Amino acid sequence: MPAASRCMALLRALLGALLLPMPGVWCFSELFFVREPQDVTASRKDAVVLDCQARGEAPITVTWLKNGGKVSENERIYTLSNGSLYISEVEGRKGEQSDEGFYQCLALNKYGAILSQKSHLTLATISAFEVQPLSTEVQEGGVARFTCKIAANPPAVVTWEVNRTTLPLSMDRITALPTGVLQIYGVEQKDAGNYRCVATTITSRRKSAEATLNVIPASDLKPFHKPAIIAGPQNVTASLHQTVILECVATGNPKPIISWSRLDHKSIDVFNTRVLGNGNLMISDVKVQHAGVYVCRATIPGTRNFTVAMATLTVLAPPSFVEWPESLTRPRAGTARFACQAEGIPAPKISWLKNGRRIHSNGRIKMYNSKLVINQIIPEDDAIYQCMAENSQGSVLSRARLTVVMSEDRPSAPYNVHAETMSSSAILLAWERPLYNSDKVIAYSVHYMKAEGLNNEEYQVVIGNDTTHYIIDDLEPASNYTFYIVAYMPLGASQMSDHVTQHTLEDVPLRAPEISLTSRSPTDILISWLPIPAKYRRGQVVLYRLSFRLSTDSKIQVLELPGTSDEYLLEGLRPDSVYLVRITAATRIGWGEASLWTSHRTPKATSVKAPKSPELRLEPINCTTITVQWQQDSDDTAAIQGYKLYYKEEGQQENGPILLDASDLEYTVSGLDPRRKYHVRLLAYNNMEEGYQADQTVSTPGCVSVRDRMVPPPPPPHHLYAKANTSSSIYLHWGKPAFTSAQVINYTIRCNPVGLQNASLVLYLQTSETHMLVQGLEPKTMYEFAVRLHVDQLSSPWSPVVYHTTLPEAPSGPPVGVKVTLIEDDTALVSWKPPDGPETVVTRYTILYASRKSWIAGEWQVLHREGAMTMALLENLVAGNVYLVKIAASNEVGEGPFSNVVELAVLPKETSESNQRPKRLDSGDSTAYSDYYHLDQKSMTGIVVGVCIALTCILICILILIYRSKARKTSAPKPVQQSTDQLSHTNISLASANEVEKSIDGIAENAESLLPMIVGNSFIDAKGGSDLIINSYGPVTKANCKKRWLFFQDTKKMKTEEPQRRFVQAVCLYQPGTTVLISEDDSPSSPGQQSNFQVPFSIAADTEHSANSEGSHETGDSGRFSHESNDELHLSSVTSATPCATSHFVSSDLGKNVMNSTISDSKESPLLFATDQPATSPLQIHSAVQN
């Protein structure tokens, strides 16, 4: 670089020599540095040399600056002949002037001056230990870790001693990290002792306190331990080219394997990265691309047992230029624009220097973002300009030269400029024509700007050459302005005229003061106000007028106060009453506009122990944000639980309350509109009552200048897009408005949960990018987002609101109630319940199972099930093995912990065949065998004997009931009526048929029939027999037997028959897949006789079976275990101990047809019943179904 700079300087010198005869062209040699000072760390009394060598056209003068001020040279500090600064003895003791600071050298020649980069001189120091090693006990074979931390400049070198001797680090199991951490893996008895760290710098050496390591003998039994990270990586911020170490120490049995990855799935740089010790990640020569989130993962070999820890690496980078300023040549009265852009982490700040001195934006010279604009160039602007970019990592500078070309035939400057005030906003400016070449003047330009303050904008008005006076209006009242005139001709512009300053007249105030209302007692209101800003005061305020009244009274009371006052106490007021107050200010010209009425309620007379009103202060930060600050009275003894904040725009609805803690003394209100007046009230509260409130008004400033008030705001950002990133963060992206050409300053993001009640939870974030990751959100919560744009002191409206929900949290617990049932010789059913927690979302279950031999080898078989399922089949199990089963729940965010291991014993084939099946094993039955399930032969024998005894007892009870029923029917039958609704709605399941009684007429009207219960006579054959029908009275003759199909009964005819009552008993026999047919017989009976109705059922339940589904490829599992349908389960639960048989039934095949036809027609259709089989043919049944 120095050689290239010399060549460039030589080339420019040659070009300057060639151009020397040409009029109006100057030759010059640019000034540049060959060597610049660098950062230095020195000990006290050391000698230091700060280099500085500049090249350019001689003579060159070098001066030194310290912290922006000139270095005072003496015998100890002076400049060498080559421009370097020499300090013979560095001082820095307390009580003396320290030499520490930032140094810069300034090189100057006749063309200008340049400033070097900053050099930071620091003294070598070392502090006391911030963290010292602690004593610990470690089991033999475990991991021991000691740490110490000390602040030093430069960073201290840390070594370790054991028993006051240097610890040898040649063993692989001992690692000493440069960060001050000592790791000992596979601890042995000989490692026991006293450890301490030693920190050494260039100036001193410090030793820490000793820590004892006790080694406990290891037990013979080494149970399985899940991996655990006992020392994970910490967030690190590093400078460019430094070395970073991310620590990761894990324990477990078997010993876990440590691996590293990046959270963004980018590959880790293998050239600058290596593993230090037993899992620590060391990154050498850190670069910006190394920044990110690093994940340490500790995994038990051969298993899915792992744990992770992560940390963020932030890399800071010094500034570097992306765009450099270029040298310019401009004529007098022209405009020069220098561009400069730099990047770095954090983002660098851009500033401009002219001949080594910082430039402030004012008048003709403006700085827009990182650009420098010089308007109305004058000869004094000919200089060397430098763009300086600096951040916490350093500073860089880039230079450019502005050459001002002067015309030889230009006119002289206008003279005799004078100004006269016309009004509060207008000044008359007059001047004389130039004395030289005035006949060539074609126009004049009038320049004016405010005389007070910095960063004032200069305005320009161009007028013709036919006049020498001009009235400038649109000025602010009671303000000083500076004016000058420039004459123009075809070949260029004249020099500036002399400057003249003039003051505008006063005017009435443009607005009223912002008032604050508080109460010290139930009968007073303290009114205080701030001075009106000079911009709106428009002169000196001489009077204030206070007006107040009760809200229920139209009578107004008025007080006038001197302009020097800033508060007034209203006394003798009514307690617990609302008062309205307003204020007006006046200058010597007259009264301004009064403020709007501000309301305030006086405290209740009983609120003597309520918190006093806080002292409130409001301050606008910008045109959309205000800061609310308050201070509670120190004499207030009332307890304060918190504060309530309310705010509203004048004439709008109030927002709040915003609940704040008792420790809060400041709050920022964002998202306001520019040039609006807002009313804020604040009060303290406790468990008993609310305190006295403080009210105050504030006005937000405008975002545009007076001349730009008609400029419309920019359109809002478009295409706002939200995507959930984690359970606590959402990624936002949006587009810049297509019709906005202005430079975007930043964006404001508004974020809050949907349906938010507390306005203090609204989050406002700032960024200059078109994307942002919003963090710190609640899981599984819907948020609303909006974005607004800020450009050139203008704010856009809020974008349309976008709603998005954060992801749920990963399951925090394992599935519960894990049960295992052996349903076949080689098949087991696993069932479980979802993890505890109402907010837990599960999308998938992972089932791990393995035999003991496979488990020891770390080989698990894996099954996955959807989150809606809570059972699975384990197939192809090997007899004689004990299987271990555990389950974990997971969702799209992550996987939860596994459940406790449940053991399942699969008995040998010969043993399992002698036992009854199925065998049900669950975690709730485990006692001495720790989730081990086993049903031996004796247990199964006992179960079988118990079931047989129960069946025998039930059979005896049924026989007794049948015998007694026969006896009752013979003596005195009782009327029974069956509900037709029950018959129609049971749909084969008639468990409640003996609960309700109805008359036979009711049954006939509903086209349903009840059959007589057939007693258990031995001569009745269920498979077939004669046409003889027998009821409880004996055989029924053909004359008295009339068979009617239920579907074809004539109910009207039945009603007209003689009033007789028939005994009806229903007989049924159910088999899966068949339909019951019942017929009714007419039996002679008295009108008062009725029969009992009983419908016993015996339904054989199907065994459990597996539906076809896609299974796990690892095990060939069918994929799911399906229950019976709901109807079948219902039927199987409604069983009777006594099956009944009769010959009055059709065959199974015929019953199936009738069943299918009847049920498919309608849910309300009754079942088809027939009385006896011989009289009914399949043709008749088929005909009946068709009808």
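Just so you know, glycine gets a Cβ as well, placed from its N, Cα and C.
What Swiss-Prot says about this one:
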type	residues	note
DOMAIN	28-122	domain 'Ig-like 1'
DOMAIN	509-605	domain 'Fibronectin type-III 2'
DOMAIN	814-909	domain 'Fibronectin type-III 5'
CARBOHYD	Asn82	N-linked glycosylation site
CARBOHYD	Asn163	N-linked glycosylation site
CARBOHYD	Asn235	N-linked glycosylation site
CARBOHYD	Asn305	N-linked glycosylation site
CARBOHYD	Asn465	N-linked glycosylation site
CARBOHYD	Asn480	N-linked glycosylation site
CARBOHYD	Asn622	N-linked glycosylation site
CARBOHYD	Asn725	N-linked glycosylation site
CARBOHYD	Asn746	N-linked glycosylation site
CARBOHYD	Asn758	N-linked glycosylation site
SIGNAL	1-27	signal peptide
TOPO_DOM	963-1187	topological domain 'Cytoplasmic'
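Residue with the densest Cβ environment among the glycosylation sites Asn82, Asn725, Asn746: Asn725, by other Cβ atoms within 10 Å.
Residues within less than 8 Å, Cβ to Cβ, of Asn305 (N-linked glycosylation site) and separated from it by at least 6 positions along the same chain comprise Lys226, Pro227, Gly252, Thr299, Phe898. Cβ neighbour density within 10 Å is lowest for Asn235 among the glycosylation sites Asn235, Asn465, Asn622. Geometry remark: Asn746 (N-linked glycosylation site) versus Asn622 (N-linked glycosylation site), CA distance 13 Å. Same-chain residues at least 6 positions away in sequence with a Cβ under 8 Å from that of Asn163 (N-linked glycosylation site) are, in sequence order, Gly193, Asn194. Averaged over the topological domain 'Cytoplasmic' (963-1187), the predicted model reaches a pLDDT of 40.
Residue pair Asn725 (N-linked glycosylation site) / Asn82 (N-linked glycosylation site) shows a Cα separation of 59 Å. Within its own chain, Asn480 (N-linked glycosylation site) has Lys450, Ala451, Glu452, Thr501, Gln502, His503 as residues 6 or more apart in sequence whose C-beta sits under 8 angstroms from its own.
Looking only at the glycosylation sites Asn82, Asn235, Asn465, the one with its C-alpha closest to Asn622 (N-linked glycosylation site) is Asn235. In the three-state DSSP scheme, Asn82 (N-linked glycosylation site) falls into the coil class. Across the range of the domain 'Fibronectin type-III 5' (814-909), the DSSP-based residue counts are 6 helix, 48 strand, 42 coil. Asn465 (N-linked glycosylation site) sits 56 Å from Asn82 (N-linked glycosylation site), taking the Cα positions as reference.
Mapped onto DSSP helix, strand and coil, the domain 'Fibronectin type-III 2' (509-605) counts 4 helix, 41 strand, 52 coil.
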